[in-house]
């Protein structure tokens, strides 16, 4: 079926078919091969100007041929196909040609047999840029991509950038590694239990606050607090068929089981309830047993929110003559009252139906001070209450209605949590508050207000997590201490004349945070409040200063207690970074480095931990791939940890995870069944996307398409950055899907489906996809839109076009070179250029290429791939479907493929490959994946494994996993070959 397979595959059918002893091979080389080369090849292929830079005169013995076997494989292909010598020169006798073909086969077969399974020399090498980024992501939990300023990694002869053959290290690159390690270190943040990494640098106080605040707000926003979801879940439970429990219904509806039970009890209570409970139950009982009730549930939710907004408890700060209402001790008392009474109803919100009508209050429009915003909020609340008829109750049933409102409030709090304060306007589209703010005037402070969420929604693990996040907020940002210090210097002068100190006279933050200073200021406030004779103010002041002192002391203790845990976390971090347990000497060296930073360099604990993290990332044990195994000469088994790293960098381009390392620790990974099971697990993991990106992107040559700027955007305005990103993503989604579900690799050629997002669906003329650019859907029956598999994907059609026209040459070359694996020499330097702009061409591109192929020097190569490109002329320069080119010529997609078979369009390419070239594709895929997995170019000793991969494909319906499983259990993958010792005197 495939030309290369008919040549290469025969080599391994029988180990003795072409086997010969070395003497016989040398003799035949001297007697048959060299005279043949001299007569028919060396005239063109010799010296500095050798054709295709292939000097055949340089090969003087079999050993040199073996050393450069990939090029001699090309000789074999050219001779077997009759493409060399060129048709215009003297041709050798058939017998002479066959003798050389048989000799090359014999050399290959002999070497493959003698060295089958040789793991080859895989050089210790640095992580590639992609591997470094993925590893940092998995090590820190943050996708920082610190190599974005690194130079592009070069590829090896197999086309991949994960090889020691190409990944060298220069002093300039070493400096970039140091910068990258410091960047990662800048993201480190200490926690009570160790350290973690933030998505942004943690260099100043506001960075720490932003990080800790976002974690809490994200936690809040993940919680199921929409009343409509609970009403709908209760409706599902009421009208259930079968026997799902209320808890099971909650799980299916993704709501809190604890809170759903409370809502259910309130909705299903007795029918004679009054007030908001009675009205809500009436709405509940009016829901139909069938149909879509979502809008009705939303109406119920809106009713509950309105009632609670208008009946929330209201508090004002206690008054002290001589102190502003916003004085922090007094304001904190008010905040505490709100926090403690979220599940209560304000009796003053209700009006008896016999009361005279109230006038709506005047709402301040533009108060002079932000502090007066409180008056605006109070007036707005009063107006809302006046206007709400559901707050009017019968004069003789006030107590009964108040009980109903209280019951309602106990289930429906006025808010589950407060995530921001400080807005002047209630409408957050007009005004944004400060997240988790206490709402102080001139001082930044924070206040926790989430009791209803904890009491009603969260289970015990959720409560613990939320408590931990708030504890870590103060630990990380030290916000209580910062608020206290700001307050002491900026506002405490309202009682004690403090706050004027500055410069060298100003005490340190620690000096003003002692219990003595805190309680001295408390006593000054109490003295100020004594004249007002307000016991509430007295209690507020005492509570505030006691709370400040207790919190500061608690955080101090947390910090001291955490230091040993930080050091333990550093050691664990190093073990994860090195992808294996630390040996005692490594532990002591790292601890010694930390102690030296503290004692000799006088760094703080946090600074020393940060610099120690940088030192771990600068170690070759992190930044280099050094396959652990025996140190003896020759082939040696990899250690279990070395095998874990080799497997994870093959499938994930990243470090092993905990499960893989656990198998390495107990040695079970060295068993084939465990190794295969882990490979299968890892291919279903999201991190296997890296295999689609790094292997697929380099194999099919689209890895850097995100930077593709050859398209003229004035001529093609639809080629936006979003479309370019979608084009890049399509083959990743497709190949990733094949990997994860263990699909057939033939889907890459013949699959009648693809994956699109909204912008790509529009470009392809497919039905609209609703959603964001991140919304991707599978489209079956893609053939009706001229799509399906990788061949007609816009990324390849666009990349292999010069921008203002198509390029059948580039597109065809991509098919035969990248997809089918043919080796084609580069064009001569004197090849004429085709016109740049298709719109200005007098002739269709097909006719211009036909003239170009009239040159005998060009015809041989173009005959091998132009037809594949011409079949894609139905796609324009950015992969769009078309019937006419940019000059208005009707496009012709008919093609005569190598060997004489005819076809038309994309379907014709598929048919030709299926009937004549499928084995070439399978052989090429096998070789590319093996080279990528091993991190080196292939050798003759790999031929047996390639053949096993091909056999496994055929025996397993061409499933992708069969390739991976054959690779990871091969001798080349599980072993390493140490370099030979240097010769004496060298």
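Heads up, the Cβ atoms here are built off N, Cα and C, so glycines get one too.
Quick look at what TrEMBL lists:
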type	residues	note
COMPBIAS	344-355	compositional bias 'Basic and acidic residues'
DOMAIN	125-189	domain 'DUF1587'
DOMAIN	569-626	domain 'DUF1595'
DOMAIN	638-766	domain 'DUF1592'
DOMAIN	787-885	domain 'DUF1588'
DOMAIN	900-973	domain 'DUF1585'
REGION	344-363	region 'Disordered'
SIGNAL	1-19	signal peptide
Cβ-Cβ under 8 Å with the compositional bias 'Basic and acidic residues' (344-355): same-chain residues at least 6 beyond its ends: 310-314, 385, 391-395, 398, 401-402, 405-406, 408-410
Helix, strand and coil counts within the domain 'DUF1585' (900-973) (DSSP): 58 helix, 4 strand, 12 coil
Secondary structure composition of the domain 'DUF1587' (125-189) [DSSP: H/G/I, E/B, coil]: 28 helix, 4 strand, 33 coil
Three-state composition of the domain 'DUF1592' (638-766), taking helix and strand from DSSP: 83 helix, 6 strand, 40 coil
